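Peer 1: Pulled from TrEMBL, these are the listed features:
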type	residues	note
ACT_SITE	106	active site, phosphoserine intermediate
BINDING	32, 33, 34, 35, 36, 37, 38, 39	ATP binding site
DOMAIN	25-174	domain 'APS kinase'
Ligand SMILES: Nc1ncnc2c1ncn2[C@@H]1O[C@H](COP(=O)(O)OS(=O)(=O)O)[C@@H](OP(=O)(O)O)[C@H]1O
Ligand SMILES: Nc1ncnc2c1ncn2[C@@H]1O[C@H](COP(=O)(O)OP(=O)(O)O)[C@@H](O)[C@H]1O
C-alpha cells in the first residue's frame, strides 16, 4: 500500500525539537475502565508538568471521538482502529516535542502494544488506572453503567465487553489513591524517566 513513498530527510528532528524545548518528549498512556479516573488524573498530571514549564497535550475522547474518530463506534474493530489512529497522532506529537497524555479505555492489550511500538517502547509510559468495576459503577459519572445494566448500551466495557488488564504497567493507581497520591506517583516516575534520557 505504501510503495513509492519515500520519506524526506528533514534537517530538524525530534532531537533538535527536544533541545529547543529543554525536555524529552514521550507518551503517557492512561488505560482503565470508564469512570476509573483516567481523565481526572491525566488533567492533574498535565497541570503539574505545565507548572514546571513542560510542553504538554492531552488526547482524550473529547478531542478524538468527536473529531478525528467520529466515524467509529464501540465494536471491537472500531476500538482497535480508534487506538491505532490515536497511536499515530500521539507519535506525531511526540516527534513534535510534546509530552503527550492519552486517556482511553483501550481495552485490548494488542492495541496498547501497537501504540508502544508506534511511538517506540522507550517513549511509552503505561499508567493502569485499576479502579474496580464496582467503584466505577458506584461513581457512574455518565450514567452509562446503569444504561448498560438495563441493556440499553451494548458493548459496555466491564459489563458486556472485555477489558484486558495490563500485565506489566509502568505505573498502577486505583481508587484507594487520593488524586494527589496518584499524581505524585506518576510525576516521580516521569521525573526519573526524564533524568535517564541522554542530555541532548
Ligand atoms: N460501550 C462503551 N464502552 C466503553 N465506553 C463507552 C461505551 N459507550 C460510550 N462510552 C464512552 O466512551 C468513552 C470511551 O471511549 P474510548 O475511545 O476511550 O474507548 S476505546 O478505547 O476505544 O475502547 C468512555 O469515556 P471515559 O468514561 O472517559 O472512559 C465512555 O464515556
Ligand atoms: N482518587 C480519585 N482519582 C481520580 N478520580 C476520582 C478519585 N476519587 C473520585 N474520583 C472521581 O471519579 C470520576 C472519574 O471520572 P473520569 O476522570 O472522567 O474517569 P475516566 O476518564 O476514566 O472515565 C471523577 O468524577 C472524579 O472526580
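Yeah, the Cβs are placed from backbone N, Cα and C, and that goes for glycine too.
Caution: TrEMBL annotation is automatic and unverified by curators.
On a predicted model such as this, the values are computed, not experimentally measured, just so you know.
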Peer 1: Taking only the recorded positions 33, 38, 106, which have a CB closer than 6 angstroms to any atom that belongs to ligand 2?
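Peer 2: The qualifying recorded positions are 38.
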Peer 1: Give the subset of the recorded positions 32, 34, 36, 37, 106 lying near ligand 1, defined as CB under 6 A from any of its atoms.
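Peer 2: Listed by sequence, the hits are 34, 106.
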Peer 1: Under DSSP, is residue 38 (ATP binding site) helix, strand or coil?
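Peer 2: DSSP assigns residue 38 (ATP binding site) to helix.
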Peer 1: Just to be sure I understand, if DSSP states are collapsed into helix, strand and coil, how many residues of the domain 'APS kinase' (25-174) fall in each?
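Peer 2: Split into helix, strand and coil, the domain 'APS kinase' (25-174) gives 69 helix, 26 strand, 55 coil.
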Peer 1: Within a 10 Å radius around the Cβ, which one of these binding-site residues has the most neighbouring Cβ atoms: 32, 35, 37?
Peer 2: 32
Peer 1: Cα-Cα separation of residue 37 (ATP binding site) and residue 106 (active site, phosphoserine intermediate), in Å?
Peer 2: 14
Peer 1: By a simple count of other Cβ atoms within 10 Å, which of 34, 36, 39, 106, the recorded positions in the record, is least packed?
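Peer 2: Sparsest of the recorded positions 34, 36, 39, 106 by Cβ contacts within 10 Å: 39.
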Peer 1: To what whole number does the mean pLDDT across the domain 'APS kinase' (25-174) round?
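Peer 2: Per the prediction, mean pLDDT sits at 97 for the domain 'APS kinase' (25-174).
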Peer 1: Note the Cβ centroid of 32, 33, 34, 35, 36, 37, 38, 39, the recorded ATP site, then list each other residue of that chain whose Cβ lies within 8 Å of it, in sequence.
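Peer 2: Checked against the 8 Å cutoff, the neighbours are 30, 103, 105, 129, 131, 136.
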